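Below is one structure; the comments refer to it alone.
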Amino acid sequence: MADMVETTASGERSATAQSIRIGFLLAGLAALAVAPLFLYPVFLMKLLCFALFACAFNLLIGYTGLLSFGHAAFFGGAAYFTAHAVKEWHLTPELGILVGVLGAALLGLVIGFFAIRRQGIYFAMITLALAQMFYFFCLQAEFTKGEDGIQGVPRGHFLGLLDLSTSTNMYYFTLAVFLVGLLVIWRFVNSPFGMILKSIRENEQRAVSLGYSVQYYKLGAFVMSAALAGLAGGTKALVFQFATLTDVTWQMSGEVILMTLLGGIGTLIGPVFGAGLVVTLQHYLATSDFPVTIVTGVVFMACVLLFRRGLVGEFYASRLGRRLGFAYRR
Amino acid sequence: MSARGLSMSFGAFSAVRNVDLDVHHARVHALIGPNGAGKTTVFNLLTKFLTPTGGTITFMGTDITRLPPDRVARMGLVRSFQISAVFPHLTVLDNVRVALQRPNGLATQFWRPLSALDSLNERADRLIAAVGLSEARNAMAADLSYGRKRVLEIATTLALDPKVLLLDEPMAGMGGEDVAVVAGIIRNVARDRAVLMVEHNLKVVADICDHVTVLQRGEILAEGDYRTVSEDPRVRAAYMGTEEA
Ligand SMILES: Nc1ncnc2c1ncn2[C@@H]1O[C@H](COP(=O)(O)OP(=O)(O)OP(=O)(O)O)[C@@H](O)[C@H]1O
Ligand SMILES: [Mg+2]
């Protein structure tokens, strides 16, 4: 894992570095806690949902080396599942999100099953093709309400107690979901299973020769990534109180790739910054005369040319980053 | 383990033709031959990294001709690679622990912390000590010298406690001292398992191998103990001018 690895630096120095890293973490948490006092909560919630989505995507490309071009299916699919569950079945928000997560995981199992046998561009093409099939399913199916989408989704009461209809409550609920999601990713990456994933990425042939059925490990990572993308999508459906076709399009799959690349593949926190940048750009450009796609395109180009490792990746690899004990390996 | 009529063609080119091979317990068996003779291909066939176009392979009474490579490895037929295969950005300790994880049921837990793997440290350290890498325990595998990467690979292979060990040129590129150390390790591990190794260094072959098979252009040229094989005029002819005969 690239984040928070202890270095070989001498004791005192690395102790200082560690306290600085912990300081960063606490400052980040504090900023998230007070952010709604300064910024528009719906904007922040959107940002958190996309940040979690990008982190889920990064779990696959950054830690397994698989480039999926179909992650919108899990994100947008879960949004539909959650919206349907809370609106039609009158489930509480946490159960509604659970339905979204399980639905996305199941979808991930099916798409992953067909895709993981292939590598590189073929893997990307199969995930794209299957995600497009899911898009057409959503377009045709009854419960998704076609072009209109599922509207007027009630946010309900968390655990039947906390009213989520106020944006402050909803913000902290979303923040909690986001942090839980990150914690799950962190644990997954730093676990015995994560160790095997890492070894597969390092030398797949050798992992096979040690008796590992690499396909199952890759499928496991794929399903986990899909489930977490679903967590983000389901939460987003509650935030905006609707689920539409936009979230299952291939453009959405492309956008999450963009966010992850911008922030830094294979760093736990990079995609959060990448998502932040893209969502912010979209937010402010939406009201200006600039065409959003062209500007994000230019920013993307500039970043790829200037920061090959992504924003956070470059920071980790810089002298300062390394002195603080961050490590960037690709 | 035994193979009968093993054949492999890449398109029109037949790299291995009709090879019979028997590997026995507690014996070091050498597979030698000039460059391009098909030795690595035979290894790939036996460990199922390639599926033979002809012939059968049986391992402990089971036909493994159609099994996938990871299954074969789990049965106890484990290989090393000609081009050293370590996990470069893992430490020496982690390289060995990865090999130990599956046999010890610690490979699929995605909810447990990495410290769960500390229970493997004792065994890992013993393997690391056995190949003389103790002081490099926490070094990145990528930073090791070539010879040390090779012995690390042997340590990870041994971690699986294989029944048959296939080593593809384990001593290639090593200095004289290291060669002696690795030769000792191989002799030692062969006491209770079978070893099949590809080796170009004929002195090593003479010293530690009980049985030699000579391969040339995909076919078996000669077989027997080192003395018999080395006196065979066809083998001498094959090696003349091409290898360190
Ligand atoms: N995947 C492949 N496709 C086509 N030809 C191959 C393939 N693998 C090996 N060969 C050919 O098969 C022949 C045998 O190769 P192999 O690697 O088994 O030789 P080797 O005996 O291990 O040689 P060396 O001593 O150089 O390692 C060579 O002529 C090689 O070019
Ligand atoms: Mg070879």
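Glycine residues also receive a Cβ, built from the backbone N, Cα and C atoms like all the rest.
As written in TrEMBL, here are the features:
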type	residues	note
TRANSMEM	A:20-40	transmembrane segment
TRANSMEM	A:47-75	transmembrane segment
TRANSMEM	A:95-114	transmembrane segment
TRANSMEM	A:121-137	transmembrane segment
TRANSMEM	A:170-189	transmembrane segment
TRANSMEM	A:219-244	transmembrane segment
TRANSMEM	A:256-278	transmembrane segment
TRANSMEM	A:290-307	transmembrane segment
For the transmembrane segment (A:290-307), name the stretch out of A:47-75, A:170-189, A:219-244, A:256-278 with the most CB-CB pairs under 8 Å.
A:256-278
Taking the transmembrane segment (A:219-244) as the reference, which of A:20-40, A:47-75, A:121-137, A:170-189 gives the largest number of Cβ pairs under 8 angstroms?
A:47-75
Thinking of Cβ pairs under 8 Å, which stretch from A:20-40, A:47-75, A:121-137 has the most of them with the transmembrane segment (A:256-278)?
A:47-75
